[in-house]
Each structure stands twice: as C-alpha cells, then as structure tokens.
C-alpha cells in the first residue's frame, strides 16, 4: 500500500490532471526514472514495480480500465546472488551425524529437523514458545520480522523429534525464571542463543567433513530451494518463509546446476 502511495504522490505532483485510471506507460516510466534518480535501491524499485503491476492487473480484472499500462513496465535487472544451499544428501548426513546418546543430541536433532522442515529464521527458532507449538496438528506459531505472526507447518520427521524432545528430554531441565516458556533450553535452563545454534551446526558439519560454510540460514535456503525444485507453489513458500514480497522468494526459483546438467544430458539429442 505504501508503494502505491508513492506513485499516487508522484502523479499528484507531476501529472495532477491524470486520474489513476488514465495512467499510461509513459507516466509509470517517468515515475520509475524518478525512483532511480532518488537513489532508491534496485531491489526496492523491483518491489514497488511488482506492486504497481499487481494493482493494474486488479483494475483490469475488475473492468475498471481497458488497457494495462504496467504490462510493459520493466523492473531493474537485479544482480541476483543465489543463496548457498545444501543438497538433500548433505542435509541427511548432517542430521544423522547427531549423537542421540545424550539429552543434548535429541534437542539438537529437533532443532536442525525444524530448521530444514519449516525454514525458520534462527531468531524465530530461539524465540519459539511451548504455547505456540501445536504438535497435534503439526503447526508452529512463529513471530517473524516486524513482530508479524504466521503459522508454519512441520514435517513428520521434525514433529517426531520435536515431540520426543519436549516430552522426554525438556521435562528434566529446570528453566530459569523468565525462560519457562521457551522450547529450546541449554543445560542451565536458559533459552538457547543464536550463537549456540551456529555452534551446533558447525560441530555437525565438521563431524561429516563437509567443506562448506553452513549456517542456520543455509538450512532455510535449502528448505526453500528443495520445496520449489520439488514443484511447490511460490506463494505457499512465500507464506511459509514469512517474506513480505514475493520478489524475495523468487530468488529460490533457481535450479541446482548439477540438476540442469543432468536434464541437458538426458534430454538433449546431441548429448
């Protein structure tokens, strides 16, 4: 809505006699050029343009305009850096390397299973509360950026390890006052820190001899990439990740390079 207000203010200042239903492509291009002159980042420009396109598609759908002025409006070319990801095999290796002979092992397995199963941000995981875990229906209520709540589904395996941890392991830890509601606790009964999650992952990555820089966000990237490569709807992935704009989610529509090579080798007549 704020992005459309930017366009509205621009039109009032530059083309005061043009109503929203009379806007043409040249007006929109002038607006985008103004954004560029104001040194607004290309990513922000792309988000604004995406909102404008959606607005005029809606006007077309409602028969409020006969032509879509934003149809040929181009967004800036983004130098998209593909996020680092792990293959499913690497994820499995890391998960299965966690020793379950000690209580922390069950906790750590539950943590990494959830990171991969639900694509949570590390802060969303450490802030997760018992009252926001709905194991009977397989959902978590998480607090994302800007204190926005969302419901996130949990996969069967992750749910199994989470349930075991909360019912069999966590009950033997006495929480420190003020930390009673947090799901994941350390030995002292305090909620786990973000740094501790990084260290847990680092330890298991080293245990399998993987020469990659893996962080909690790598699990989030891998979740999104594997979902989309498996055919998941982009909007559904956006909702699960808690992205405000779908343009943020679209970076995950890349395909694994090895997979592309495999497709070429399998289907191209000259390979």
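Just so you know, glycine gets a Cβ as well, placed from its N, Cα and C.
Keep in mind that what you see is a predicted model, and the values were worked out from it rather than measured.
The active site annotation in TrEMBL covers 121, 145, 217, 220, 243. Taken from TrEMBL, the feature active site, O-(3'-phospho-DNA)-tyrosine intermediate applies to 252. The domain 'Core-binding (CB)' feature in TrEMBL is assigned to 1-60. Annotated domain 'Tyr recombinase' per TrEMBL: 81-265, in sequence order.
Overlay of TrEMBL feature records on the structure.
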residue: 121; record: active site; Cβ neighbours (10 Å): 19
residue: 145; record: active site; Cβ neighbours (10 Å): 11
residue: 217; record: active site; Cβ neighbours (10 Å): 15
residue: 220; record: active site; Cβ neighbours (10 Å): 23
residue: 243; record: active site; Cβ neighbours (10 Å): 18
residue: 252; record: active site, O-(3'-phospho-DNA)-tyrosine intermediate; Cβ neighbours (10 Å): 26
PLDDT averaged over the residues of the domain 'Core-binding (CB)' (1-60): 87
Using Cα positions only, nearest of the active-site residues to residue 220 (active site) (121, 145, 243): 121
Per-state residue totals over the domain 'Core-binding (CB)' (1-60) - DSSP helix, strand, coil: 48 helix, 0 strand, 12 coil
